[in-house]
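Worksheet: the structure to be examined is printed underneath.
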Amino acid sequence: MASQETAGHKYVYDFAEGNKELKDLLGGKGANLAEMTNLGLPVPPGFTITTEACQAYLATGAEPAGLGEQIASHLAALEAGMGKRLGDPHDPLLVSVRSGAKFSMPGMMETVLNVGLNDESVHGLARQASGINSGGGTNSASGTDSADAAGADRFAWDSYRRLIQMFGKTVCNVPGEEFEHALDAAKRAKGTANDLDLDGTDLRALVEAYKKIFAKHTGRDFPQEPREQLDLAIRAVFESWNAERAVLYRRQERIPADLGTAVNVVAMVFGNLGPDSGTGVAFTRDPASGAQGIYGDYLANAQGEDVVAGIRNTVPLQELEQLDKRSYDELLGIMARLEEHYLDLCDIEFTIERGKLWMLQTRVGKRTAAAAFVIAGQLVDEGLIDLDEALHRVNGAQLAQLMFPRFKLDHEFQPVAKGIGASPGAAFGKVVFTSARAVELAAEGEQVILVRRETNPDDLNGMIAAQGILTSRGGKTSHAAVVARGMGKTCVSGADELDIDVPGRMFTVAGQIVREGDTVSIDGTTGKVYLGEVPVMPSEVVQYFEGNLDPAETDDVLVKAVHRIMGHADAKRRLAVRTNADTGTDAARARRFGAEGIGLCRTEHMFLGDRRELVERLILARTEEERETALAALLPLQRADFVEIFREMDGLPVTVRLIDPPLHEFLPPLEQLAVNVAVAQERGEDVAKEEALLAAVRRMHESNPMLGLRGVRLGLVIPGLFAMQVRAIVEAAVECAQQGGTPKPEIMVPLVGAVQELETVRAEAEKIIAEVTRGCGVEVLIGTMIEVPRAALTAGQIAEAAQFFSFGTNDLTQMGWGFSRDDVEGAFFWRYLELGIFGISPFESIDRDGVGRLVRIAAEEGRAARPELKLGVCGEHGGDPESVHFFHEVGLDYVSCSPFRVPVARLEAGRAAIETAGSDSR
Ligand code: PEP
Ligand code: MG
């Protein structure tokens, strides 16, 4: 900072000195005004005060040395160019003082217009407006006949009152409503509701009233000295960087807090000088659909703020052709020029002052997800950009948006509650409160929404049967959210306005009672909940990925664009993309979506439903014989599961993880069992089995089950369990191979923290593999998850016993941070996000500095010990766009994610490859 404060540092740039690459220094608006100036487009003259000046001001509370002088000399140049002096009583130059940060923060910071007006120059402005002084400057281009003296007088006093109002509010914190009240009072006195009915005399009186309000709140008169007005306005724009709403916006949009804003000082041009003046916005293509054409709005005889205030209705931009053909044609020419120059959709703000067109702003315009793909594709067709650039301009979040069905919300549907959009999509159905009922109704062909306080593994069947899941508790990594995302099923979690009464089969929301069987609609993107059935439209992009829409045949421009860009991403990416799938159906869908194998097949889901009883028998076994019988009963069922999956993924690697969760998760909850036993005893019934179960549940109870007897520890403690699973996997592979398939099984051991654990499991597994394969050509890899911090830190040792690592970043995040993934999001993440401790949940996007460092260390040390070690990730982060870039950088071989996120991961892996300089080919 010190060097910037030396008098020699350049803090002010004339528009002619900048260009569009200087956004860091000049902000987006300043850089683009400079670019347009240098293109020779009609930009009102002006200069930009840099973000560095703002940073220095915010750090010290004072303008950096030299800034005042630099402003003076640029102002002098501006005055010379315009042939007017700022605030000259006879022929004033007026300027606007506008904020403009590197990233657009619409409406978050301040702007002051008409700086330079005072009790004297207001008369000079009236003379200018009536044409008396129209020798040069901004209003020289057209005739001087359009404003009569009364109109000019009105215009000048209206401009002055706008200055006092904006300056008072923005620079001196005068409560805005006081000005509004005075304006309303003036209109009431005149018997009108329309600002335009106030004449010069009314507005002059209003200026007096405004000045009194100003003096009352600030203890001083409204500053008459133009340069003082300018300096105070610049200072206010600097300070607006730290206004509460700006701080909040930055946090939400993840814009760094230390960038600061630039300030643009621009000669005023007026769109409110009569019917031959006006203001408008324009887009070079439709920002909603991407379609080519002229899109925009125009408002005659108005300033930009009138458009925002919505006082009068704008007309479609095309109507400008009738109103002012010359300006319209010029604008169209400029729009074409800007697109050619920026090679992208531009949005534009312009003003026409008495028939003379002025460009006030342009930037590469925001657009919907669909428009992003369509426009990128069009620009490639037009030869303006190449496919790398097209890929760079779209992202996974946009693709994800396009993959979910949407509500058609053009009706008068109002949400009754808002939770967390936990798994996107739009679903409606009859409310049910238990999984059993969900399954029952679904079997009868009904669409249902499963409503729970929170879900648990027991709800799996209900979740599968339901169209969507709605919970009143839990965040984005709650069981409901994670499982629903995995299934691609719509879920709203944490809708805490819902008061759910499960036994009563009803919930109350917004004073209404919703009973089982009533219909609700849930939007998993916005988290909104509606009563009744909101119509849903399917996603054409999913139809395409499913193979139901041929991009060569369809007229759908979006599908064509997605197809083309995905193809390029696949050609460029180094990371392979696998899927997390536990069923043949999921595996098949993921394959259609482009998955190149399974990175995580969780086997615990295979122990639920009607197999639960067999698991109970295993847990309760008192003799070796009983245990072996239970395992023997499970073996063929498991084998059949794996055969189905290997078939769907034939020729591609399938990583099967041995059972991970604590076994008591497969038994009924302790409280429920205790009650059942007590009630049955009371009735004198035979409770021997329930008592045995209860005793087992008590025995296995853990205070911290996630840190308890699970993962590899189970395999080492429960004899035969892992062996049964290994046998089932290998037998399934052999069966597939014998039928002509090419199964590629990979056995993965969960929760390893020490190489000895892995070595023990591996020794047993290798024996089974040798025995079952008997040289039939099926190769089985053995590897481990890296999901315990100790495993990451001893990866060099563990790699000696592992053919692959798969990072379980869910557990690694849980254990790295030391917080429970099932509990914390609802409990305190909101506060952490508010305080900026993290910008996004580390369960959603990888924490690069902490958990990411563990991944990096393990990848490096693992590869150093075993260069051919295969590295992948199968935690939720494998489908998160930001995290995919990180895994690319760290050098993993693949990411694995839920089937619906496979296309997103493919796209982002492609983007990561083109964005990382020097990335090599796969
Ligand atoms: C993980 O921990 O990242 C993982 C994939 O395993 P699970 O979520 O099943 O614990
Ligand atoms: Mg895990």
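Note: Cβ is positioned from N, Cα and C throughout, glycine not excepted.
Predicted automatically and left uncurated, TrEMBL annotations should be read as such.
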Which one of Arg657, Arg713, Arg727, Arg866 goes with Arg602, Glu787, Gly808, Thr809, Asn810, Asp811 at the substrate site, as TrEMBL has it?
Arg657
Can you say which of 24-60, 68-313, 319-370, 446-527 has the most Cβ pairs under 8 Å with the domain 'PEP-utilising enzyme C-terminal' (566-910)?
446-527
Give, as a single whole number between 0 and 100, the mean pLDDT over the domain 'Pyruvate phosphate dikinase AMP/ATP-binding' (24-60).
97
Helix, strand and coil totals (DSSP H, G, I; E, B; other) for the domain 'Pyruvate phosphate dikinase AMP/ATP-binding' (24-60):
25 helix, 4 strand, 8 coil
When a 10 Å sphere is centred on the Cβ of His479 (active site, tele-phosphohistidine intermediate), how many other Cβ atoms does it contain?
21
Can you check what DSSP calls His479 (active site, tele-phosphohistidine intermediate), collapsed to helix, strand or coil?
helix
Within the domain 'PEP-utilising enzyme mobile' (446-527), count helix residues (DSSP H, G, I), strand residues (E, B) and coil residues, in that order.
18 helix, 29 strand, 35 coil
Secondary structure composition of the domain 'Pyruvate phosphate dikinase AMP/ATP-binding' (319-370) [DSSP: H/G/I, E/B, coil]:
25 helix, 17 strand, 10 coil
